[in-house]
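Step one of this worksheet: look at the structure below.
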Amino acid sequence: MDRHSRSARVVRRAVPLASAALAALASASRAAAHAGGVRSATRETVTVPTWLFLATGGAVVGASFLLASAVTDRAYIRRIDTWGRALPDAGRAARVLARGIGVAALLITVVAGLFGPVAPTENAAVLIVWVGWWAAFVLSAYLLGNAWPAVDPFRAIAGALPSLDRPYPERLGSWPATAGLLALVYLEVVTPMADDPRLLTGLVLAYLGVSVAGSVVFGADDWFVSADPVSRLLAAYGRVAPVARADDGGLRLRLPGMALTDAEWIDGRDDIGFVVAVVFVTTYDGFVGTAAWAGVARPLVEAGAPALLVYLLAMLVGYGLFLALYLVSARAARRTADTFLAPGELARRFAPSLLAIAAGYHLAHNLATALSLSPTLAVVLTSPLSPPATIPVLLVPGWVGGVGVAAVLGGHLLAVWVAHATAYDLFPDRLQAVRSQYGVTVAMVAYTMASLWIVSRPGGAPPFV
Amino acid sequence: MSRDDASADAASRAVDATSRAADATASETGDSGAAASAPATGARGRPAAPYDVPPGATAFTCSRCGRPFARERHRDLHLGQVHAELDGDERAAYEAARDEEADDLRRFRIVSLGMLVALYFGFLFLYAVAG
């Protein structure tokens, strides 16, 4: 559900508008060049051959594993893991305020989406969903803490309705959330959802409908904790953040990512499937914008295969590959670490570390969008139905693209450390703990190189759809 | 799910009767071996006992919590880290295992330092040639 390619398109549309209205034509088109974000910035800054760029990224992760494995003091690792401070809980007023903001944002989205201007950069619905929510709010979920349960307007509305309280089928587990997440990203890729406010509003209303139905049948708690893809996604990102809810219910400040060493919330293969889906969707969204994908898809589409089917197949095959790579690499620890821990248990314990990687990707793909379009959002919000004629776009400096590359690497480094701490928690022998990470480290190197490759390709709109 | 049950069976078979009796007391102290005593019975197919001892493999079982290990050294280290009040033999075994672990770690550090140096100079070379 990456906004990168689409928001780049949004910005490209903004340019002629802005240039017609403004004398500041030059700065606007430069903004557009930069709002291309990570891809354009890396194109400018990377002067080494692509293979060397990728190899360096992979080597940084590999070397960081070697460096982390030099830290062998159990007490020290645990101290980093458990360091924390209790934080005062947000008061009732703050909770009511958050709920109000959430519901108001949904209301504005629907009204502006249905009756506002059609141009995406002038429409509050498009900007609220893609800039305010997907770029900025999700960013805050893993950089600060997940406030979605407090804000969630879908839950506020659905929770106000009576429920039949049917028991949620346990065997479904997280698979509905995984399917929902993949479906949302699929729709985002194959439909012009960033360009068409009406379509976007239709999806938001449909999502509200599904949430209300699910909540009425199974009860709000069961639905939003287990099956709602957006709540699950933000909860997963929130585990990377320094501020999280502790077991006793109070807010607690920890070192970033250290909540990921706790895998109690991962109950089985379904939850592992969800975590891998979170990592996969950003990669998928980036990949379908590359020329390599066009090269793969063109013969198939020209041979008469429906483009929608080709995209669906690519998504399912890609997701299957990601999941298989992770499960195989976690299973490899059985051999490398010489342990009798079950393969499922190993996969379960190492899975949360992948979320640090996902957060790094998300930052890389969305920071430029969040920065460049947030003034646009602010100005459009002042008058959602008839926005001012001149709409500002923040000129994002080129180094922001470098921050994206650093975020991809930073996410992986955090993941390596989380895996290290997890291994120390699992294995009594420290050498065994080091060896248990061989498999997941190889998988992380593979993910890093794949995502850096996508980030270094010139991006574009997905073809044929 | 039946697979998990089978693995749980295998694990419990590896546990002898005395250790099963001690199970309850050990689960209180579980810490770095917390996974061993994870009380959560799988809500959705999560293995109740997260071990899978291949048939025919020798398992060194912790006498307190029943966790099976593939090597004696792992079991001895586990005893010292997770369970308090070791007897004389266990204490001696733990200390011997720690010495052995420290030796292996030293060897690993030297190898990993070598790999870091090789990576560093390898990339220095690559950048000089290709960059």
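We count from 1, first residue shown onward.
Positions of Cβ are set from backbone N, Cα and C atoms, glycine also.
Please treat TrEMBL annotations as automatic predictions, because they have not gone through curation.
Residues or ranges marked as transmembrane segment in TrEMBL: A:51-76, A:96-115, A:127-151, A:172-193, A:199-220, A:272-296, A:308-329, A:350-373, A:393-418, A:438-456.
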Counting only residues 6+ away from its ends, which parts of the chain sit with a Cβ under 8 Å from the transmembrane segment (A:172-193)?
1-2, 6, 199-200, 203, 226-230, 232-233, 267-268, 270-271, 273-274, 277-278, 281, 284-285, 288, 307-308, 311-312, 315, 319, 462, 465
Honestly, do the transmembrane segment (A:308-329) and the transmembrane segment (A:127-151) touch, with at least three Cβ pairs under 8 Å and pairs 6 or more apart in sequence?
no
Using a Cβ-Cβ cut-off of under 8 Å, list the residues of the same chain that are 6+ residues beyond the ends of the transmembrane segment (A:272-296) and lie near it.
1-2, 4-5, 174-175, 177-178, 181-182, 185, 188-189, 232-233, 236-237, 266, 311, 314-315, 318-319, 322-323, 326-327, 347-348, 351-352, 354-355, 357-358, 361-362, 365, 447, 450-451, 454-455, 457-463
